[in-house]
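In TrEMBL this protein carries:
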DOMAIN    5-192  domain 'Fructose-1-6-bisphosphatase class I N-terminal'
BINDING   E90, D112, L114  Mg(2+) 1 binding site
BINDING   D112, D115, E279  Mg(2+) 2 binding site
BINDING   D115, G116, S117, S118, N207, K273  substrate binding site
DOMAIN    197-329  domain 'Fructose-1-6-bisphosphatase class 1 C-terminal'
Amino acid sequence: MRRVTLTQFLIEQQRAGRISPDLRLLIEVVARAVKAISVNVSKGALAGVLGEAGTDNVQGEAQKKLDVIANEILLQANEWGGHLAAMASEEVETVHQIPFDYPKGGFLLLFDPLDGSSNIDVNISVGTIFSVLRNPAGGSEPTEANFLQPGSEQVAAGYAVYGPSTQLVLTVGNGVHGFTLDREMGSFVYTQPFMTIPVDTQEFAINASNARFWEQPVKRYVDEMQAGKGGPLGKDYNMRWVASMVADVHRILTRGGIFMYPMDEKCRAKGGKLRLMYEANPMAMLVEQAGGAASTGRERIMDLKPTELHQRVPVILGSKNEVERVVSYHLEA
Ligand code: AHG
Ligand code: MN
Ligand code: MN
């Protein structure tokens, strides 16, 4: 069987006019950084990468060593290629400018360098999430305001999941495509063309320890799922919660499901738990490209007009019919 690598896939996308040479380079560089992060993640205790970094990020969260390492790898890998105007990271307070000695390009890159940090030390899958926007500012140094574009403006989005195998899942607006890292060859091999999310599902993901903080529409929906075959939804559901959004979304892109980190009383003051620019928007683009839906419960995620770089939002995404059901419960309430 002919093996198609990520490089080959991207060149074919470029030939078909779907991506520019600069966007191809950008994605290749992100993939290279992901390989380096994968090496660090998989060495674990042998490389001394587990545990706390001893610092807090701008959002007041304690950083793990791997949060810092993954962030450094992504920043350094993407600085010199000439394809970026600037970067923004969950782990960095404000816009990361390209150093003066390197040429600048037309794209903005945003990332959650290490998603699922609480799973690092227990050897459970973690990931990296990224989003690509065009720089509307032209020649000047991009400001935070230049990043505040709705998710519908994304030109590419993807994630890497560092699980039993390392996989890269990508969209450039033409479906969702999955690649598996061949560690011996050092290349990503095209293994999952056009990933799709079935419209119906019997699997849900939510952190049920927050049940007492949920809003009524989410309580109603979870109660109805738990009522099973004899309840109003007429079917039995199964539950999964990895606590790495990347791993939960990867399962949904593989076999369907609904993922919720909804608004609740605990996170209301912050606007939600998950980050709009680094988590919600890129995952929403992937999920919609795979035939699913992504909403806050009240609005389509990719329609939101961001107000700040580290903004948080409620997230409900996955199998279309189930997401639409939850949205209808919110609208009724
Ligand atoms: P991060 O590690 O980048 O801070 O993100 C963690 C996120 C997300 O990956 C996951 O779905 C959620 O936080 C888990 O939250 P709980 O620990 O509240 O379940
Ligand atoms: Mn995250
Ligand atoms: Mn993170």
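Think of each number as a place in line: the chain as shown, counted from 1.
Glycine is no exception: its Cβ is also placed from the backbone N, Cα and C atoms.
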For the domain 'Fructose-1-6-bisphosphatase class 1 C-terminal' (197-329), the number of residues DSSP places in helix, strand and coil: 61 helix, 24 strand, 48 coil
Recorded substrate binding residues, D115, G116, S117, S118, N207, K273 - maximal Cα separation rounded to whole Å: 16
Filtered binding-site residues, from E90, D112, L114, D115, S118, K273, whose Cβ is under 6 Å from an atom of ligand 3: E90, D112, L114, D115
Close in space, distant in sequence - N207 (substrate binding site), Cβ under 8 Å, 6 or more apart: W241, A243, Y261
C-alpha spacing of E279 (Mg(2+) 2 binding site) relative to E90 (Mg(2+) 1 binding site), in angstrom: 9
Which of S117, S118, the listed binding-site residues, has fewest other Cβ atoms within 10 Å: S118
Residues satisfying Cβ distance under 8 Å from D112 (Mg(2+) 1 binding site), sequence separation of at least 6: S89, E90, T128, I129, F130, R275, Y278, E279
Cβ-centroid neighbours of substrate site D115, G116, S117, S118, N207, K273, 8 Å, sequence order: N119, A243, S244, M245
Three-state secondary structure, S118 (substrate binding site) (per DSSP): helix
Contacting binding-site residues, sequence order - D112, L114, D115, S117, K273, E279 vs ligand 2, Cβ under 6 Å: D112, D115, E279
Chain-internal residues, separated by at least six, CB under 8 A from K273 (substrate binding site): Y261, C267, R312, P314, V315
CB contacts for E279 (Mg(2+) 2 binding site) [other CB atoms within 10 A, all chains]: 26
Cβ-centroid neighbours of Mg(2+) 2 site D112, D115, E279, 8 Å, sequence order: E90, F111, G116, G127, T128, I129, Y159, M245, V246, L274, R275, Y278
Greatest C-beta neighbour count within 10 angstroms, which of the binding-site residues E90, D115: D115
